[in-house]
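What follows is one structure encoded as structure tokens, with my remarks underneath.
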Amino acid sequence: MRGAAMSFTAAASGLVGFLLSVSAVQGQDGWGVTYSSTEICAVKGSTVEISCSYTYPSTWDGGVHTVEKTFWSTKQKGGGPVDLRTVSEYAGRVEDLCENDICTLRMKNLRESDSAMYRFRFQLNQPDGKYIGLPGVRLSVTDAPKPPSVSVSPSAEIEEGSSVTLTCSSDANPAANYTWYKEDEDSPKASGQIFNITDFRAELSGSYSCGAQNKLGRSYSTLTLSVGTESSTMIVNILRTTLGVLMLIPVFLLVLWTRKKRALSSTTEAREPEEMELDSISEYENDSHTAAQTEDTEEQEDMMLT
């Protein structure tokens, strides 16, 4: 089997990748792919080169053959490996460089999504002359923590004696560890993404920093906590009272409307019998008046006849 070779470079903003130098050799009946590393760790945004050597029988199936195609793959499609150069996510970022029996995959502007197992594939000028080197090389793209995002709940202006919660988060690979510091103090106040302060006092006021760190670096973000002043406390109390009054107004109006509706209903019910009685009296009086008029008319007619 021909000699193996592997080279690796990774650089971005002075950052260098890490390489686990463990040889991996595949070969059977003169076929083989040799990787000089099974794992590579590189920094996000850097450029990495993964190289390998390959072998195949100089004479096979009664003829002399040559290599027609070489490529690197991470995915399978339709039962076969997919050339990285045809994958949109890698467009303009990958090169397959081959010289003699040594091939190099060069990837630039690495992304975290590039973390995968990379395998080399070659094909001879014969339908059955295909070979892929398994298991391949595992690439892990890492990233130093970005400046963390810090938040405070319920507010950075805290009422004395109450509690406050600080939260810190950062985008990093591998995941970051978090540490909290207070200005002018060397010892950390707490560790972890969440920092709870109970019974907050004036002496606890000041700037608090959250540090996010992994093996690639560390970054910080700061916020300031303070005890609420009397005026601000008074304003808060006034706002609370005003809000309470505003919430009671609809209830008060509803009660008034309900009472008024009940009063109107009671008055209507009381008037109905009186109206019925008055109507009866009016009808009786009308009937009596009509009868009297009839009697007077008859008496006048009798007198005239007499």
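Placement of Cβ uses the backbone N, Cα and C atoms for every residue, glycine included.
What TrEMBL records for this protein:
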type     : residues : note
SIGNAL   : 1-27     : signal peptide
DOMAIN   : 148-226  : domain 'Ig-like'
TRANSMEM : 238-257  : transmembrane segment
REGION   : 265-306  : region 'Disordered'
COMPBIAS : 272-285  : compositional bias 'Acidic residues'
COMPBIAS : 295-306  : compositional bias 'Acidic residues'
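Per DSSP, the secondary structure of the domain 'Ig-like' (148-226) breaks down as 3 helix, 45 strand, 31 coil. If you take every residue in the domain 'Ig-like' (148-226) and average the pLDDT, you get 92.
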